[in-house]
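Visitor: Once you've had a glance at the structure underneath, I'll fire off some questions.
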């Protein structure tokens with residue numbers, strides 16, 4: 001009656017069959033999640049010294065004389081990258097989030113000094129900043145996918161894209177005190193961010209890749225910083241109003 005259907009009622013099940021099945025499934029899901037998202041806590045392992053060093057690299061990438069390769073270490077039988085506190089080339093999320101918040105505060109202050117501040121205006125700038133950040137992430141991610149390196153953790157891309165707000169905050173800050181300073185600081189920010197992303201993506205993510213196509217895509221990323229950051233740096237409410 002029960003032939004070829006499965007175990008008969010009351011028949012003992014193989015020991016640990018279900019635990020092994022669920023254990024393997026759990027390991028598979030965990031490995032795929034970490035493959036693309038990594039551990040969020042990793043990106044906040046920072047201290048004052050590593051933040052200062054990272055800011056120097058982000059704002060003045062052409063002065064960085066060290067290598068751009070991330071430091072790896074064996075963990076649990078596999079290679080893992082050291083956190084930002086031990087590696088200046090490791091991405092962190094502390095600086096991007098703080099820079100984004102600073103950008104909003106300074107933009108709101110600038111609007112207030114011109115009598116244009118309102119909660120709605122700040123909401124508009126917040127949404128605009130998120131759109132710009134998201135576009136930068138998509139740009140980096142799609143570039144990796146097109147080069148066959150799309151397995152880089154998403155949070156790495158979020159961190160690299162978020163560094164844009166560091167120099168952008170300085171440009172907006174300079175504009176508050178002297179409007180002409182903005183027109184010097186913003187091109188500097190665009191150029192510095194382009195160099196930073198090119199060196200980071202080329203040395204850290206592409207490693208052994210070297211072809212004309214890769215160079216063109218890296219150049220495109222660098223050039224894309226100019227229209228993107230100029231758009232984000234324009235905190236007027238012309239389009240909002």
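Cβ coordinates are placed from backbone N, Cα and C, and glycine is handled just like the others.
Heads up, TrEMBL stuff is auto-annotated, nobody curated it.
Note that the coordinates shown come from a computational prediction; the quantities given were computed from them, not determined experimentally.
Here's the feature list from TrEMBL:
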| type | residues | note |
| --- | --- | --- |
| REGION | 1-21 | region 'Disordered' |
| TRANSMEM | 93-113 | transmembrane segment |
| TRANSMEM | 125-145 | transmembrane segment |
| TRANSMEM | 157-173 | transmembrane segment |
| TRANSMEM | 180-198 | transmembrane segment |
| TRANSMEM | 218-237 | transmembrane segment |
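Any idea what these are sitting next to in the structure?
Guide: Sequence-remote contacts of a segment are chain residues at least 6 beyond its ends whose Cβ falls under 8 Å from one of its Cβ atoms, and for the transmembrane segment (157-173) they are 43, 55, 58-59, 91-93, 95-97, 99-100, 102-103, 106-107, 110, 129, 132-133, 136-137, 139-141, 144, 181-182, 185-186, 188-189, 192-193, 196-197, 200-201, 225, 228-229, 232-233, 235.
Beyond the ends of the transmembrane segment (180-198), by six or more residues, the same chain brings 57-62, 140, 160, 163-164, 167-168, 170-172, 174, 218-219, 221-223, 225-226, 229-230, 233 to within a C-beta distance below 8 angstroms of the stretch.
With a cut-off of 8 Å between Cβ atoms, the residues of this chain six or more beyond the transmembrane segment (218-237) that come close are 103, 107, 110-111, 116, 121, 124-125, 128-129, 132, 135-136, 139-140, 143, 164-165, 167-168, 171-172, 182, 186-187, 189-191, 193-195, 197-198, 201-202.
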